[in-house]
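In what follows, a single structure is set out as structure tokens and then discussed.
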Amino acid sequence: MEFDARLLRPAGGFGRRARLLAAATWVPNAALALGFFAGLLLAAPTAHRCRPDPALLPPALRNLSGRALLNASVPRGPAGWSRCLLYRYAPGAAGPNRTGPCTRGWDYELPAAGLRSSLVTQWDLVCSDRWKVPLEQTTYLLGWLSGCIVLGLACDRFGRRPTFVFSLVLAVPLGIGVALALNYMMLLSLRLLLGAALAGTFLSLYVARLELCDPPHRLMVVMVAGFFWVAGELLLPGLAVLCRQWRLLQGAVTLTLALLATCWGCPSLFPESPRWLLATRQLEKGRKGLRALAEGNGVSLEDEFYSQEHLLAELESEGAPLPRYHTLCEVFSTRVIWKNSLILGFTAFIGSGIRPCFTRNLAPYLPQFHFSYFLLAALEAAACLFLCVTVNRVGRRPILLLCTILTGIAALLLLALTQYLLDWIILTLSVLGIAYSQAVTMLSIFFASEVLPTVVRGAGLGLIMAASFVGKAAGPIMDIQNNRGFFLHHVVFASFAILSVLSIMLLPESKGKGLPESLQDGESQRRPPLFRSSRRRDQLPLLSPRSAGHAPEAQDYARLVTATKKMLSSHRRPAPRDRQLLLEPAPRGAPQQET
């Protein structure tokens, strides 16, 4: 189905109304970024030490206070006061003879990441309970992973708008529940569900934004949405400084989601995708959506838009106007679509999973939380800018190939030569590796959204995003094990990055092409040469150029295809007399008729 050429362009294309709707999809990204990154501040690492316990001291030392009490109670090393140990004294001894765990809790150096209280200070998630912090982060990412899969299926079955509204409305009470959590297990469960709801909101918004655009504007609209995501990430530390308490910060983030649900629940700001409606054969709703888009673009649809030769009439002639939905199982039975999904899911997984190999090298140089936080946000913005400048000029596949190669090279150099390199070289390679790995993840998701058909775009893109969240969870999982296995993790992901180069060569190129609508459209995509132009001298136009040298438009070719189909489907046979005249030889001297 040629939606872009035969339906979107006559309805005004990316006109005034389409631009307003695209801009309306940018703002929610900032609020979703607040929800996604809030966990980093809620459980930010906090400097701490054991609180002195006078009961453990000899009777002669129990009346000490201040610095003297600390010296008698807490061991001190080159890095400062011990975080998890207190001195133990033998009966009658004047000095300590061993150490033991803390008995009266901990004293924290606050504020941490702008907050005077956090999950760490609320439930003392330090020392023997330190593993609960990365467990909470892993659980939250697991929520995003499950939300991408489950609500991606809902996008294709119920529509983009219902999934967006349902997910956003569900996120509000879950966010309130997180702010009022009474214990750690309650927090863990609610954060899991909140992540799933936010994932459904993000996914449905991403798909609807993409399906609104024509080919020349797709990349820029998606990348500007990425800049709004970074803006929300940058605003979060300032919001934390204003709130000061972790419960207030979570409440403020939930308030932005509630405002978003109130405003963007209006159909005028977030209508259903006409592309999805027509792809699933909901023709009447699709007509209304196209008519509203055309009126907003200031275009009056011509009579031929509703003629028998038009695409809408062709869709009606194919059968009863009943909705046709497709399941994810049908993707597994395809060849090209499944291959593209597998490759892009693999690259998205690598781009997210290899990032801890670079961020851990920044820890000695950026000890402060805010330095590393803002650096990562700046590198994400730089990756968006790089894609904006290069992808439309060079193509999706070459840039994905380039970013993957550079990411793998940086990872291999750090793996093999870290102990021999200068500090500034290590820092440079780590920064470049983070930026290029961000670009790999973003471009893999965008590329997948362009090659997946409309009828399964939600579920397919949900799988790609889920693969990226599996990679993101690799860092917190290693933190649970106290970084054991980090070297093996580095080796595996660096090798994957190099090996994925071969698989990227098998992808098609979607630059300047319309989005595939049906499974047949997705299966018809072919891999072009990477460096050689695919044009051949025998590719001549079917229709002659118009006057003044103007080339025929896509609508002219569409009419030609429709007329050819009608001619081929008629199967008319000549009458008996006409057949006899054709078989009889013409009289000698009679003029021959041209055929």
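Heads up, the Cβ atoms here are built off N, Cα and C, so glycines get one too.
Annotations in TrEMBL come from automatic prediction, not curation.
Listed in TrEMBL:
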| type | residues | note |
| --- | --- | --- |
| DOMAIN | 93-512 | domain 'Major facilitator superfamily (MFS) profile' |
| REGION | 515-595 | region 'Disordered' |
| TRANSMEM | 20-44 | transmembrane segment |
| TRANSMEM | 138-155 | transmembrane segment |
| TRANSMEM | 162-182 | transmembrane segment |
| TRANSMEM | 188-207 | transmembrane segment |
| TRANSMEM | 219-242 | transmembrane segment |
| TRANSMEM | 342-363 | transmembrane segment |
| TRANSMEM | 369-392 | transmembrane segment |
| TRANSMEM | 399-418 | transmembrane segment |
| TRANSMEM | 424-448 | transmembrane segment |
| TRANSMEM | 455-474 | transmembrane segment |
| TRANSMEM | 486-507 | transmembrane segment |
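In terms of C-beta pairs under 8 Å, the stretch of 20-44, 369-392, 424-448 lying closest in packing to the transmembrane segment (342-363) is 424-448. Outside the transmembrane segment (455-474), and at least 6 residues removed from its termini, the chain residues within Cβ reach (under 8 Å) are 138, 141-142, 144-146, 148-156, 160, 163, 199, 203-204, 206-207, 210-211, 276, 279-280, 324-328, 330-331, 337, 341, 344-346, 348-356, 441, 444-445, 448-449, 489, 493, 517-519, 522. Only residues 6 or more beyond the boundaries of the transmembrane segment (486-507), in the same chain, are considered here, and those with a CB under 8 A from a CB of the stretch are 339-340, 343-344, 346-347, 350, 353-354, 356-357, 360, 396-397, 400-401, 404-405, 407-408, 411-412, 414-415, 447, 451, 474, 478, 527, 530. Packing against the transmembrane segment (188-207) from elsewhere in the chain are residues 25, 28-29, 32, 35-36, 39, 135-136, 139-148, 150-152, 154-155, 160-161, 163-164, 166-168, 170-171, 174-175, 177-178, 181, 222, 225, 273, 445, 449, 457-458, 461-462, 465: each is 6 or more residues past its ends and has a CB under 8 Å from a CB in it. Here the domain 'Major facilitator superfamily (MFS) profile' (93-512) returns a mean pLDDT of 89 for the predicted model. Here the transmembrane segment (20-44) has Cβ contacts under 8 Å with residues 14, 112-115, 118-120, 125, 133, 136-137, 140, 144, 171, 175, 191, 194, 198, 201-202, 205, 208-209, 212-213, 217, 221, 224-226, 228-233, 235-237, 239-240, 246, 249-250, 253, 256-257, 259-260, 264, 269-271, 296, 369, 373 of the same chain, all six or more residues outside its ends.
If one looks beyond the transmembrane segment (162-182) by at least 6 residues along the same chain, the residues whose Cβ comes under 8 Å of a Cβ in the stretch are 35, 147, 151, 154-155, 190-191, 193-194, 197-201, 203-205, 208, 247-248, 250-251, 253-254, 257-258, 260-261, 264-265, 270, 458.
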